[in-house]
Each structure stands twice: as structure tokens, then as C-alpha cells.
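**Q** The structure under discussion is supplied below as C-alpha cells; questions concerning it will follow.
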Amino acid sequence: QQRIEIHKLRDGDNLILGFSIGGGIDQDPSQNPFSEDKTDKGIYVTRVSKGGPAEVAGLRMGDKIMQVNGWDMTMVTHDQARKKLTKKNEDVVRLLVTRKSLENAVRQSMMQH
Amino acid sequence: MMQEPQEVVEETVTIEEDPGTPTSHVSVVTSDDGTTRRTETKDNVTNMKVTKVVKTITRRTFQPVILTESKASTVPPSTPTPSETKPVTKMVKTVTTRTVRQVPLGPDGLPLPEGSSPLGSYTDSIDRRYMKNGERFITPQASSTLTRSYNNYSDSYNDTPDSQFRHYALHDGYGDVPDNYGSLSRGVNYRPYRPYMPTGGYRPENSYTLPIRKDDYGHVAQPQVPMGSSTVDLNRSQPERFQPEPYGLEDDRRSLGPDDEEPYDLEPDYSTANRRTLPGRTIREPLRNGPRVRGYEDPIETELIDERHPYIHGMYPAPLAQPERGSLASLDRMGGRRSPSIDSIRKDPRWRDPDLPEVIAMLGHPIDPVKSNAAAYLQHLCYENDKIKKDVRQLKGIPVLVGLLDHPKAEVHRKACGALRNISYGKDHDNKVAIKSCDGIPALIRLLRKTNDMEVRELITGTLWNLSSYEPLKMVIINHGLQTMTNEVIIPHSGWEQEPNEDSKPRDAEWTTVFKNTSGCLRNVSSDGAEARRRLRECEGLVDALLHALQSAVGKKDMDNKSVENCVCIMRNLSYHVHKEVPGAEKFQDPSALQGPGSAGTQRKKNDDAGCFGGKKAKGRKNGEHNKNYDTLDLPKRTEPTKGFELLYQPEVVRLYLSLLTESQNFNTLEAAAGALQNLSAGQWTWSNYIRATVRKEKGLPILVELLRSDSDKVVRAVAIALRNLSIDRRNKDLIGSYAMRDLVSNLPSGQQRPAKNLEEDTVVAILNTIHEIITDSSENARSLITAQAIDKLVAINRTSQSARETKAASHVLQTVWSYKELRNGLTKDGWNKTHFQPIATGTPKGSKSCKPGYDDTTLPLMEKNQDGYSTIDQRDKDSKYKSSDGSSDLQEREPLKNDTNRKHYIRSNRPTVSLVDACDVKPQPVDSWV
């Protein structure tokens, strides 16, 4: 697990994070290319725009978003997740994400020992 | 099934505005903590004094002045009509001070047969006064008991302002007083007096601090016994303040907030005591002050008043016009007693505040400023003081005030309106009726049309809001004011434009006080039954404007304010029974609805399938065969843009309500939005079918389910009932069964110990009924129920709940579960047996228990009693459901349905993957949102 803080970029009236999400309990989890467990309805980072705030902050495609500013994102609809991320009155978003590669790294390291 | 979803809950609750804002405002804001409070309370307590106090408060200077001599100087300023916002206080001062003095002097000698101890004092009043004046009386005991009490009493009236100070300063003195009283009179009297004690000049200490003043007031006060009594009542009011009426506006609280109840623990006591005592007081002593005093409470009042008027009239003009003169005159009287040098103007007896009849008489004074001052003073007096309001009413002051609404001078009609607003506030409906009886409502509406003054408009609409809380006045308001309020306030402030100008971009709603008040008024009147709803629906531009305002609120993410709450509540009420009440509704009735749920079960299913739009995305969907696609099939073609009441039930509103449900933090708004969906999804007509499907399509189900976790009981309840109505749609039922069951169950109490939320009985029953609805005709959902560990809870409720309604509702659920034979095996393995699923016989024969009566208790009465209030879905619907659900006969009927495994399978096959949002409705491709 990893904490990532993204400072939104202002673009006109909009605040931009520079990534896209997929998933949610209202979505078909089997179509999520990033999840290992195909029943996982969590929110995943599907794309990260080049040079955008998210990338700068270290967010990667395929990261699973566990929390946004402390809000649980593992049992929310797609739209609820989107809303939590796009609050206009917040310039900073703090994410708690898990990354498969991280998990793998951890797992591997554990196995080694 | 049995208990129909209660369709809509209309807002019975009315919200009233708080009247007194101005007064309290002033005092609170300006003065120091202690002082302020005091003042306020006191204000209420003593009319006359109040004025003074207020002044003091308002102008800082005063307070200090008071003690000293500066008083005189201060007073004069008051003369001019107050231009300030808080007119009341100022006004009061002027008026008050000058006028009354003499009056007291005049012997009214009405005999009061039942003079209570205080009365006794009256006899002595003259002496007494002197005594007071001459503070020399220091020895409390010296004065006879009666006298004393009297004195105190009187003091309290007059001195209140001072007394406030004293309270602070002279606390010690108080203690003594009570004792004296005790000896003198009965305990009752004594208590009330207490508060005033400080005022009483008896104490040496008191005399030291504020001797002069007291005396002055004391003199004055005595004569005005009546005032005193009123004062007492005022005290009473204090406690009320603290506990604003349940429905009071926030304003009230605001104003109230400042006063701290605690510091003055005594006051509450007083208040109560006062009440008790009051009656006795009224009776009081005949001799001197009798007439006046009586006025308030006695039948004689009227006469007295009349008598007085001439007198007053004569007097007042002079003082007002020439304050000094007046004072002089008064001085003469008082002069004897006291040395002028001692006290400042304040102290001067002359500056007695006018008593109520005098103030009311002044409303008819030929000089406009006098009128407006009098009205402002009245407003001040009436703030949060039910007794004074009643007195004003009995003194026939209300028609006079209403008459002033048509006065050409803004100052006059503004103040009159302010007074009416305060008078109209509160639970005493007689005041509201009195305003209506003298045609106050049309007068207010007339003024609303005429004036552009924002403050006046706020006062008018505030008054109307207050009036609208009383049922019998609702229709009157609708008849006289609906279109005017809509045209003058709702439409302009909502930002809606009837014919949008292409140049101008759409305007947002402005959440002004006027809009808030008006929408509050309409919210109240919208709960007055079918006719009221019809009138509001058909009021041109109203629905359009309200919707526009709400949309603008959603757009601006400004959804927690009172105006939005009011608007949503209106919308919800207007949505109630649309399927039966809207012109042309019969054209849209769904024929399948005419059949009972049992027999219609299959058919319904088909419809529902269609409702999920399977046809469109029909990949591999079987339902294509009976597909009724609402989009194409049933939706009436619109040739022109929808407007007016049709907007209420267009599927577009679903998104609006869902946005409110998602974003608002205001429980009332949440409840109302859920209630609106509940109303719209009730009944069997094309639009409700469409609404139910749209809620699903717009992903509203998860939103609703999430709200089941709300901390607010009423939100949970409204949501639960909405889910019940929504589950009329088969697909919704499946979805809700799969995904909402856990949240529904978690709201149930487990055994006797309630969940964290401790929901009310109504809510628990609503949830149980929703569960029942969901598992009816769906063994799959019943299975989910079992999986959610609900059986434990249900059995516990069934066996141990203290609530008969909960017991019955739980019992019905259990019976339904047991009726699924295919589930029995699993249940048995879990250790349950048939007896757990049968109604518990508690004294009553089993049969009767499981039968209708159970349900009747809960739902039926509601429906029939008032359709407007809580009612169930649809009469038809209800009846059919009802029958099917209640009684053993039902069970029999039901069984076949449930056991109709074919059907179930069929259903299930149709929905391979149920996700909270219907799979059909979800976009096939994974959604990907850039953020």
C-alpha cells in the first residue's frame, strides 16, 4: 500500500488530476483488466496522462484505489468514486493505493526469506 | 405487501418563523453577556421595562446612564421614530417612557373579589409606592408582608430593566426576599415574585446600588398592575425561548441562542411559578390599579380599555410631541415623592412605559410616528411572549394592526407587519385566526404586491409562513396569496424565466429570506390535502420555478439550506398521488395494476423486465418477447415542452432527486427527496413505471441503499419506503434483494437491544415491510435475507419486541420466509423450526394475530384516516396487497405463487448477474472516467 498525494491542476474552471478510473460496484468486474480477482469491484486507475499531476505524484496505471482522502473506495459506485476525486473545493487529493507490482514485490521478498 | 408502502409523507409539520428576531437581536448583540441576557429576559418579562432595557442595550451608553441621571437625556432621543433596523427597541423607548405614568395613578378601582395576597398589597399601593420610592424602607420586614410582596411585584414590572442590573449586582438581596414572601403569602406567589425581588427596594443593598431607579419604577409600576402580571407571564416565556418550538425556524434559535438559560437558573422556575400565580394575580386588588390590570385577563378589559383610550389619547400626544412637557407633567405627580435631583430621567416616574391598552390605543393615534412607534413596541413586546400576544388579541389590537398594513407610510406598515409577524408566531392558533378574521391575509398579500421594500417583504412572507402553520388557514392563504406569492417571490427569486431570453444566460436562484419564507409558507400549505395540491400544481409557473431553483441548487452544490429544503418538501407533497390526481391521469393507468399482486404476478414480471430496457440492449435477453419498451411504447409523445405540473413526474426529475440524495447534508432535504421518489414510484401508471426504471437506470438504487446507513431516522424510513415502492418493479426487486438486504437488516434491532441507531418503531416497521415486499414472490431474495443473518433478528423481534406493530411486521416476514419450502431445509439445519416462523400467540388467539388486524393497525388506519398524510401506495394497490398479505387465506394464496418455481427460474435466468445497478442498464463497456 502506498500513499499518494496529488495536487490538482487548474484548467479553466476545472481541476484536473490527470488519470482515469474504472470499476466500482456498479460495474462489471470481469472486464477489469487490472484486477487479479475478477470479482473485485474496486476502483482502478485505468490510464494516467503523460506529465499530468497524477503521474508526477507517482500514480500508475493499474493501481487500485483504496481510499480517497480517507474515504473508502472499495465498495463504492463508479460515480461515487469519481465525485470523491473531483470535489471542486479540494485542491489536493490523498490517495491510498495498492499496486500489484508492489504486492508482488512484497510477496517475493517474503518468499525469499 | 400487507402494509403498503406509505407513499408520501406530506409535510404536516409546519415551520414557523421566528418573530422576535429584531428585539432579541438587538439586545443580544449589543450588550455584554450577562447584561444582554438579562435584558432580553427582562424585556419579555416586563413590558414597560422592556423598552427601557432595550434601549439601554441598544445604546451602550444607556446602561451606565441609567444608574446615574443621564436618563433624561437618553429618553428624548427615543422620541423620533426609529429608523434603525431594530426599530422595536427604540420605538419602544420613546413611547413607553412618556406615556403611561399617569395612568397608573388614576384609580381604576375595579373590585377584584379574589385578591390574592399580592392584591392585598394593592390597597396599600400608595403607601407602598412611597415606600419604594423612599428607599428608606430598607427594612424588608418593616413592610408588611403583603406590601412587600406587592412592592416587589410592582418593582419587577417597572424596574425590570434595572432589575437586570441588580440581579447582577445585588444577588445577595434576593435571598432575603423570598423568605419574606414566604411568610406573607402562599408559596406560590412567593415564587414568582422572587425574580423580581432584586428590584424591590427593600433591600438596603438594592437601594444602594439602584435606589432611585427602583423607586421610580416602583411608583409607576404599581399602578400598572396589569403590566406586572403580564410581566410575569413574560418570564414564563423565557423558558420557551430556550426551547423554541420544534418547528421554529433557525432564526429563532439564533435569536434565542444568545440567551443563556443556565446562568439564570432561577428564571425558569420563575416562569413556571409565574404561570401558576398569574391567575391569582389577575384577580388582584380592586382598588387602585384594578381596572388596568384587569384589562388583560378579565372580561372587563374591553370596557376598561375604552375608558382609557380617551385618557390616553389626551395624554400621549403631548408627551410624544413634547417629551419634556410630558415629563414635567408626570413629574408633578411623582415629584412629590422624590427629589428630581436624585434620579436621572430614567428614574423619573414619568417615564413609565405605556401599558398594553395604551400601546394599542396609540396605534390609532393620528400622528403617524406614534402609530409606528406603538406598532414597533408591540412587536417588541410580543417577541416570544405568548401572554402578551394573547393580551393584544383580547384587547383587539390585531385588527388595528392589520388596518395599518394599508397605511401609505412605509414606516407604519412596516412596523405593523413586524408586530403581526411576532404575534402570528407560536402555537397559539387563536392569534393566527384573529389575523385571518380581520382579513389580515388579503391585506398582507396586498401589501406584498405593493411594496418593494425588502424588509417589508420579509416581514410579510414571514407572517404568512407563520400563519400557514395552522391547518384551517392554509386554504385561505392559497386562495388569496398563492399566485401572488408565486409571481412576486418564487418566480423572480428562483431565476426561472418563463420565456427564456436568448441573450441572458439562465439565472441561478437567490436564496433570499423572502424566498425562504415564501417557500416555507407554500411548503406548509402544500400539505393541506388534494385540493391544495391541485391548486399548487396548477399555479402557473410554480412547479417550473421550484424545479429551476432546485436544479440551480444542484448546479451550485448549494443544497443544504432551508430554501432548498422547503422547495423539495413542496415538490414531494405535490408529487403525492400524482397518479390519481393529475388531470388526465386515467389515460396513463397501467391496466395490469388492476389485478391483485398475486394474480398479476406474472404479468408484472414481464412488465418489469421490459422496464429494465432489456430490449434495447437485449443481448441474450429473453424478455424481448414481452418486451414493452417504455421508451417507445408507453411514453406519451410530447409535442411541446413539458411544463407545469407535468414536470413533477417526468423522469428527468429522478436525476435531480438523486443528486440531492447524493450531495445534500440536510436530513430534511434528504428525507423529502427520498419521499418524492417514493411518491413518484408509487401507484400503477405509466409514469411510475417509468420512474421506477429510471431510478435504476440512473443508478439511484445504490444511492438509496447507502442512505439506509444514515444517522437520521426519518431518512432511513423514507428511503426504506421508497425502496419498497421501487420494488414494484421486478428488476428493482431483484436488485434490492441482492444488494440492499444487508443494510436493511442491519437497521433492525437485534433482540431487545437496538442497533446503534436506535430507530423508531415506525422506521423499524417500515423496514420490515420493505423486506416483506422484497421477499414476496422471490425466494431468491428470501435466501438473501437468510444469508444476511436476519432470521435471528426477526425471531427476536417477533418474540420480544415491545411493539405490537414490530412484532406483527416481523411475523409476516417470517411467515413468508417459511412459505418457501425450498428454503426450509437450510433453515432447519440452522436450528430453526416451524414454530419460529409462526406468529407468537400472546394472549390473543393466533388466528386473529396473524390476520388482518395486525396489518390494519399499522397501515390501514393511516390510509383511510388521512390520505394526505401517510398513505400507502395506492388504494388499489394497497387493497390488493393487503388482502394478499393478511390472513391465513393470504398465505394460501401466496403459497402457490411462491412455489411457482418455474417462474422463479425464469426470472433468475433472466438476470445472470445482478448487480446493484441493473446489469442491463449499465453500459456494457467498462466505464472509464477521467478525473
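Just so it is clear, glycine is given a Cβ too, placed from its N, Cα and C backbone atoms.
Copying in the features that TrEMBL gives for the protein in this structure:
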type	residues	note
REGION	B:1-40	region 'Disordered'
COMPBIAS	B:7-19	compositional bias 'Acidic residues'
COMPBIAS	B:21-33	compositional bias 'Polar residues'
REGION	B:102-122	region 'Disordered'
COMPBIAS	B:102-121	compositional bias 'Low complexity'
REGION	B:219-276	region 'Disordered'
COMPBIAS	B:227-237	compositional bias 'Polar residues'
COMPBIAS	B:258-268	compositional bias 'Acidic residues'
REGION	B:331-350	region 'Disordered'
REPEAT	B:396-433	repeat 'ARM'
REPEAT	B:439-482	repeat 'ARM'
REGION	B:587-636	region 'Disordered'
COMPBIAS	B:622-636	compositional bias 'Basic and acidic residues'
REPEAT	B:699-736	repeat 'ARM'
REGION	B:831-909	region 'Disordered'
COMPBIAS	B:874-884	compositional bias 'Basic and acidic residues'
COMPBIAS	B:891-903	compositional bias 'Basic and acidic residues'
**Q** Per DSSP, what is the residue count of the repeat 'ARM' (B:396-433) in each of helix, strand and coil?
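**A** Once the DSSP states are binned, the repeat 'ARM' (B:396-433) shows 28 helix, 0 strand, 10 coil.
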**Q** Looking only at the repeat 'ARM' (B:699-736), what is the model's average confidence as pLDDT?
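**A** Averaging the confidence scores along the repeat 'ARM' (B:699-736) gives 92.
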**Q** Using DSSP, break the repeat 'ARM' (B:699-736) down into helix, strand and coil residues and give each count.
**A** 29 helix, 0 strand, 9 coil
**Q** Within the repeat 'ARM' (B:439-482), count helix residues (DSSP H, G, I), strand residues (E, B) and coil residues, in that order.
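**A** Secondary-structure breakdown of the repeat 'ARM' (B:439-482): 37 helix, 0 strand, 7 coil.
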